[in-house]
Amino acid sequence: MRMSKIAASLALASMLACGSALAETLRWSSAGDSLTMDPHAQNEGPTHVLSHQVYDTLVFRDQEMRLQPRLATEWYISPDDSSVWEFKLREGVSYHNGNPFTADDVVFSINRAKHDNSDMKGLLTTVVEVSKVDDYTVRMRTDGPNPLLPNNLTNLFIMDREWAEANNVTLPQNFKGGEETHAVRNANGTGPFRLVSREPDVRTELVRNDEYWGRDVFPMEVSRIIHTPISSAATRAAALLSGEIDFLLDPPVQDLERLNNARGLVVRSAPENRTIFLGMQMGLPELRTSDVKGKNPFADKRVREAMNIAINRDAIQRVVMRGQSVPAGIVMAPFVDGYSADIDVVPAVDVNRAKALLSEAGYPNGFTVTLACSNDRYINDEAICQAVTGMFGQIGVRVRLDARSRSIHFAELQRGELDFYLLGWGVPTMDSHYVFHYLFETRSERGGSWNHTGYSNAEADALIDAMTREVDADKRAEMVSSVWSMVQDDIVYLPIHHQMLNWAMKDNIDFPVQSENYPYFKLLKYNK
Amino acid sequence: MLAFIIRRLLQSILVMLAVALVSFGLFRFIGDPIHNMVGQEATAAEREQLRQDLGLNDPVPLQFARFVGNALRGEFGLSYRMARPVTDVIMERLPATLELALISGIGALALGIALGVYTALRRDGWLSQFIMSASLIGVSLPIFLIGILLIYVFAVELQVLPAFGRGETVRIGWWTTGLLTESGLKSLIMPAITLGLYQLTLIMRLVRAEMLEVLRTDYIKFARARGLSDRAVHFGHALKNTLLPVITIAGLQIGSIIAFAIVTETVFQWPGVGLLFITAIQFVDIPVMAAYLVLIALIFVVINLIVDLLYFAVDPRLRVQRSGRGH
């Protein structure tokens, strides 16, 4: 009798312990919500965040930014043909509806993501053919050797072909049709969590997929996830302080100290994969917003150098960013391939030398120019621009500031209407080539789509093109390094800083910041 | 009477067209939705193609004509941001806004009248003085500040009310209601106070002024002379005659409560149409913005029409004048 009582209470105690370990609900918030459940329709951060919980990719980047196996267990360049990548797929994986995962799904998904309607097609332009070798092997042929293909696959989600066909969503949503497709609000992935309910912009609920292939590989301590976006920054912080949410992806910068000091909360930080910088139009014969007529001051490297050493990056970090940034001398984040601390040298402030350089270039009294800035895209973007406007004033460059909403700023930038502008750049492929291709290559049909500086360097262009096909890692690294020294020497951009990422959470949550800003909730652990 | 209604309806259509035209003129200055719709890898040609597909390259008058044509058939197109039909999205969000507006409107009306009567009757009492001074807060503090103050006190410090959202909702047909659950009701308190505070003080001050006016009139003196009880004089005679302008104002205010719920909804993350509109502006989601503005115009027009008709029905003098002009 006595024994059975003890046994019963022991059993009860262990049940309770198990119960608390098994049923952890995570309530979290962020400013924006995912735009769609269709994983190929939008190439956008908050959308990928949700897709990463429900869908799997072939490979992913862990919290240290290392490429890790996911649905692919192995990947290598084919020994017979350097233009072919082979992926070995994980066996015994099934979708949330029970369908098995096979090579057919990968072929289908890559082709779906390559379709014109897809927003992911830009990452797959080099892929010419995807084919199935057997049920668990896939080959991707590129238009030449592409040693970096796996880097482009970290946000390419794998869908179930059978499900897509049954629900008539074999193509990503487009806007011409004017119809909402099934995949916009429904999902059938292989991911660690299943979609239970979704009201866009209001509430999304996921539960743990107990059949997940990585159930024992990852902590998987969260059993239920409830996401409620909160657009107002003050309310978002208040919701965390009042205990209504457990995790906040984007705490307001001005509240970080308060949140970190609050009882039971902690803010974790890491450098973000995004660098903030200024671009100067140096290709035009005359600037549109300057009082200098007949010539373009930015075309003179001495002027660009003067501007570069006029910026007090430490002051911006201290005053504008309240310590939440890393002053930069180069426009790529520290963990991108090709980065080294030797080239990320923050230029020392030297107002006298800047003035001397301007006089030498023929502008002893400086000149005027308009700086265009977004005011709702990057952390404190408008304040950064106000700060540099004052700093340029010290060397006689009279800057008029035009701060406006991102939808106006980027539209004008894309139309090439800006003389002097603020831009931030992240590198999803984690490779220097991505930076070169979009920011430094001569603007043309095939590249330089974000190079609005008019910078054109044939020698650099040739190297940028050649490095896409170079399979020898050492030779390639050398190419990357020589392009960096060319563009650093030419002072194409004025780097300001690398942004910091902050995640705020209850202090019993152990969840390091992932620098792409993708919280993989399967990796979240609780301090016991 | 019928001619009057028809004339007002025709005027309403003109008003709606004018609203649509003005909003369309404004859209050109909000920016370009394309940047928000594609990833940074998209090429210039792909951006141009999307712009072409969405009809953004067409001249504004043509875009406007197409919009009006579709709107007449009840079609507002697909949201650029969510890729879902705008009508569906707005219908999902409308119950939240209407419930909030209704509750704060009723609350403001009931409390406003009660406090107005009280302060008029006890003009010199210390409580009346206090209420009158406190009501200045409602008039002078901006809505978002009241909302944030409430959140700070009741959610962060006291932790008795939720800081955001609508709580649990119950679905009845296409309507979702938060009035039937505890968390739904709790969530409603702070947004309703924030939204209704200004209307409350407005109605209170109006009732007080009208009441003081009426209390000075001869028929109130005669009523007292007849020996009627205070209760009968105050509520049977004075208040009744105070209410006519109050009803007019309250009717018009319902429209502005719905339209100006934008700020309250943003502060409390209330999932209504106002919050939808703000998000749409940030994204340059033109179909949602256009549909929202037309909807708000429609609400105002309908409420004005009802108020006009009420006037017609309630005030006999109007009818006499009109029929007199007819002869």
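Just so it is clear, glycine is given a Cβ too, placed from its N, Cα and C backbone atoms.
Here TrEMBL flags B:12-30 (among others) as transmembrane segment. Within the same chain, residues 60, 63-64, 67-68, 71, 281, 284, 286, 289-290, 293-294, 297-298, 301-302, 305 sit at least 6 positions outside the transmembrane segment (B:12-30) and bring their C-beta atoms closer than 8 Å to a C-beta of that stretch.
Annotation comment: TrEMBL describes B:94-311 as domain 'ABC transmembrane type-1'.
The list of residues near the transmembrane segment (B:100-121) in space but at least 6 beyond its ends in sequence, with Cβ under 8 angstroms from a Cβ of it, reads 127-128, 131-132, 135, 179, 188, 191-193, 195-197, 199-208, 211-212, 215, 234-235, 239, 243, 246, 250, 253-254, 257-258, 261, 264-265, 270, 272. The feature transmembrane segment is assigned by TrEMBL to B:100-121 (among others).
Residues or ranges marked as transmembrane segment in TrEMBL: B:133-155 (among others).
What TrEMBL lists as transmembrane segment is B:188-207 (among others).
Counting same-chain residues at least six beyond the ends of the transmembrane segment (B:243-262), those with a Cβ under 8 angstroms from any Cβ of the stretch are 97-98, 100-101, 104-105, 108-109, 113, 143, 195-196, 199, 202-203, 206-207, 210, 270, 272-275, 277-278, 296, 299-300, 303-304, 306-307, 310-311, 314-315. Annotated transmembrane segment per TrEMBL: B:243-262 (among others), in sequence order.
The list of residues near the transmembrane segment (B:268-284) in space but at least 6 beyond its ends in sequence, with Cβ under 8 angstroms from a Cβ of it, reads 27, 30-33, 36, 79-81, 89-90, 93-94, 96-97, 100, 147, 151, 163-166, 187, 190-191, 194, 260-262, 292, 295. The annotation transmembrane segment is assigned in TrEMBL to B:268-284 (among others).
As annotated by TrEMBL, transmembrane segment applies to B:291-314 (among others).
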Residues of the parent chain within Cβ reach of the transmembrane segment (B:133-155), under 8 Å, 6 or more residues beyond its termini: 115, 161-163, 190-191, 193-195, 197-198, 200-202, 204-205, 260, 263-264, 266-268
